[in-house]
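One structure is given here, and the rest of the page talks about it.
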């Protein structure tokens, strides 16, 4: 199995790669995990991971600046390859981001990325926070082995707004419910830094490594 962590210049590549390697080992998989900015590697991948940090528009520009990368991602997803977006990588799955000048997203999940509304609370949200699973999340294979109120590590000031409840797997509480995890078909994303979320994050990554979304043949 070949897993590609996309290097768009804005992600935490080393931690994501290491987490995936540990997860593959726990799952008993013979997996090669690489970080790459080469669209050909993405086309040849069995699983695709897109980490991202910073502003939505900057991450979108990072993808656009690599000739052929957006097309390679779309081709992989259309072919049924499992995709995982991390932090801003998840946000890019939405229709649009409103940070700074605003920018279009991939349009894979409904909603836009907007500032968190939490009067009296510090922004960005930074630290450990509990996960609340939705009815969709409770039966989703990416959350197998996890329990309600398991904690994950967040660093963000923007979040998905006006999303489709059927695409939301988990929320967290920060001045109100904030979307923490989404999925649509073979595309999934975590607003939290799954690669920094210790055992909870490793469990999700392990689930991702063995995930066979409905309608795909697996890898």
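Each Cβ is built from the backbone N, Cα and C atoms, and glycine gets one as well.
A quick note: this is a predicted structure, and the numbers were derived from the prediction, not measured.
Lifted from Swiss-Prot, the feature list:
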type	residues	note
DOMAIN	2-218	domain 'Glutamine amidotransferase type-1'
ACT_SITE	87	active site, nucleophile
ACT_SITE	193	active site
ACT_SITE	195	active site
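In the three-state DSSP scheme, residue 195 (active site) is classed as helix. Cα of residue 193 (active site) to Cα of residue 87 (active site, nucleophile): a span of 6 Å.
Residue pair the residue listed as 'active site, nucleophile' / residue 195 (active site) shows a Cα separation of 10 Å. Taking Cβ-Cβ distances under 8 Å and a sequence separation of 6 or more, the neighbours of residue 195 (active site) in its chain are 12, 15, 16, 18, 19, 20, 51, 86, 201, 205.
A simple way to gauge crowding: the CB of residue 193 (active site) has 21 other CB atoms within 10 angstroms, across all the protein chains here.
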